[in-house]
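Participant: Structure provided below as structure tokens; questions to follow.
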């Protein structure tokens, strides 16, 4: 392109583009020139004869003429000089309206021989128009409840100029509540949105007057202004809202007038007049768009108003307002983009030649899943097709040959995470606007037994109360396998484990289908306290997969054993008889009640109480160790026979108990009969005669002397030989009962039996053997053969007691 070169102030040459020239009879080459609009009449554009290679002297003879094609004649040719000059001033805006590029097409014809030349004259825009607004005033109604940041579309300024000479930016007068944001349309036009930057308060200021200035990009720049009147409305709770903020509609050219493009729908949550909606175009919508499409204000239906020409406009932008009929109406906006498509265009086509479905989830990476071919009947850029799928899918497309592609697996598959894939093949040509097509295929995955059954827990602790009913459900041990079909069907087994020649399958049973665990027998806590075994869950896949879980069965004790009184021993329903000297000191142990309970620690804790006692002031009972002791010395006023009923009660709920009746008699001396005789005279009146006093005094002295001698003799005779094992005690308990006990061993788990005791039986002595205390210690009560003779029995008992204690300590 040649630089513009001025010749005279009123004459200018412009750049010339010689596109093509030939030396044939009729020339079809196009000669291109560019000139600015508004050139003065007579201005020279170029020397056409020179550019076309014609002899200037022959122009008149060959009758050269210039014809304007479908336009007014703005130029002519000087046949004397061969120059192309301006015949009439050209206004680009009148000539080409809103088109960006403006061209004048002319035909230059000469005769002898006949030749025709095509000339194209491009009219360049100059900044000769001022931006202006279609409306000098823009009225906006804004609710005071409008949130900060809300935007409002303003009427855009129009500048007939194009390019850099069109509207470039907008300015808003100073305001503390508003500012503007410049937006650009697809055609390069500039729009301004009014943005609320500070909340409005109608009570403080009801109207805001703003000035919007539009400035073009010419040199020098030109500008135009419009007034914006913002009226602040009182609160109307809900503004109408469209189903979508932006609609895109494709419509073919030459659609019949009146055909429906789209039916917009806006809703308002208010009631009455506030929910009745009127649809209208906003100021954002150009006049061309409003002339082309009709908007029904009642139902929001957009229809074709005039014939649509693809070559004139391919995209229409509009903004539709939905305004309610409330006293302070609110409105909502949506943008509608209408894409005009050429009826002669051809969409690209896709063909799935092969598609494998279903496939196993363990299929190898790089396996070909499908073969696809693409085609487009168009040519050039419009016929070049590109194909793609979603990038998030574990597949890639590889081109195998011209217009053939392979869908290849790029990542390992896992059916448990994604059971199937919807693969959409999208093809797009390179046309403008591009056309596309798609085809969706579903790839199903077949299950592979690649998941081991899983239990929710790795260890189960199951408490079972003793005396349970056989066949009772203990727990449900259910595992989960995410595989499908036979790979998911689980079978449950008890892993065999023998305990004391007893198989676990004889004690427990598990339902192989649902994992329900049952007890096959009644458990006794005193015999069996816990079981530990494993449960296996195995699927039905090939090969099968399995996992196991540990089960800990804990037998929970019930208070099902009543205390057994082992000392003093007596036949059920009989009375234990004990003797004690009347001279027993205060605090001496009269007897000791010992009971044992075979239940667990809590249920076997025993306390002792008196149910009945002849004299509650004479004896005390320790509630923990069962010792019965004297609370005071015996007096001669106390009854000779004392009867005590002692109850031994365990700590269970409900509590169980056992009782023993002890009949205690005091031992008297041999002078007791004589003492009784001497008491008879006391019943007579001793104050009848003075002499009687002397007799009574002498008799009393003699009586006391005799009693002293008798008591001394009795005590001397009753003294036994001391045992080698233990020294004699002043106050000993004499047992004269003939009770029976079987030759057996009783066991207690309670550390309560800390003391040692002896109980005389017909066959032997009972001994409690006490181990060194530690967790889980057992205290054993066993029988010992009885010796003959009181002294030998004591020695034997002491010896056995000492041996039992030693054995218990060593065993612990």
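Backbone N, Cα and C define each Cβ position, glycine as well.
Where the annotation comes from TrEMBL, it is an automatic prediction and has not been curated.
Features from TrEMBL:
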{"type": "SIGNAL", "residues": "1-29", "note": "signal peptide"}
{"type": "DOMAIN", "residues": "27-133", "note": "domain 'Cadherin'"}
{"type": "DOMAIN", "residues": "134-242", "note": "domain 'Cadherin'"}
{"type": "DOMAIN", "residues": "243-350", "note": "domain 'Cadherin'"}
{"type": "DOMAIN", "residues": "351-455", "note": "domain 'Cadherin'"}
{"type": "DOMAIN", "residues": "456-565", "note": "domain 'Cadherin'"}
{"type": "DOMAIN", "residues": "580-683", "note": "domain 'Cadherin'"}
{"type": "TRANSMEM", "residues": "692-715", "note": "transmembrane segment"}
{"type": "REGION", "residues": "791-812", "note": "region 'Disordered'"}
{"type": "COMPBIAS", "residues": "796-812", "note": "compositional bias 'Low complexity'"}
Participant: What mean pLDDT score does the domain 'Cadherin' (456-565) have in the model?
Facilitator: 87
Participant: With helix taken as DSSP H, G or I, strand as E or B and everything else coil, how many residues of the domain 'Cadherin' (134-242) land in each class?
Facilitator: 3 helix, 55 strand, 51 coil
Participant: What does the DSSP secondary structure composition of the domain 'Cadherin' (351-455) look like, as residue counts for helix, strand and coil?
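Facilitator: Split into helix, strand and coil, the domain 'Cadherin' (351-455) gives 4 helix, 54 strand, 47 coil.
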Participant: Can we call the domain 'Cadherin' (456-565) and the domain 'Cadherin' (243-350) in contact, meaning three or more C-beta pairs below 8 angstroms at a sequence separation of 6+?
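Facilitator: Answer no: the domain 'Cadherin' (456-565) and the domain 'Cadherin' (243-350) share fewer than 3 Cβ pairs below 8 Å.
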Participant: Could you give me the DSSP helix, strand and coil counts for the domain 'Cadherin' (456-565)?
Facilitator: 7 helix, 52 strand, 51 coil
Participant: In the domain 'Cadherin' (580-683), how many residues does DSSP assign to helix, to strand and to coil?
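Facilitator: Result for the domain 'Cadherin' (580-683), in helix, strand, coil order: 15 helix, 43 strand, 46 coil.
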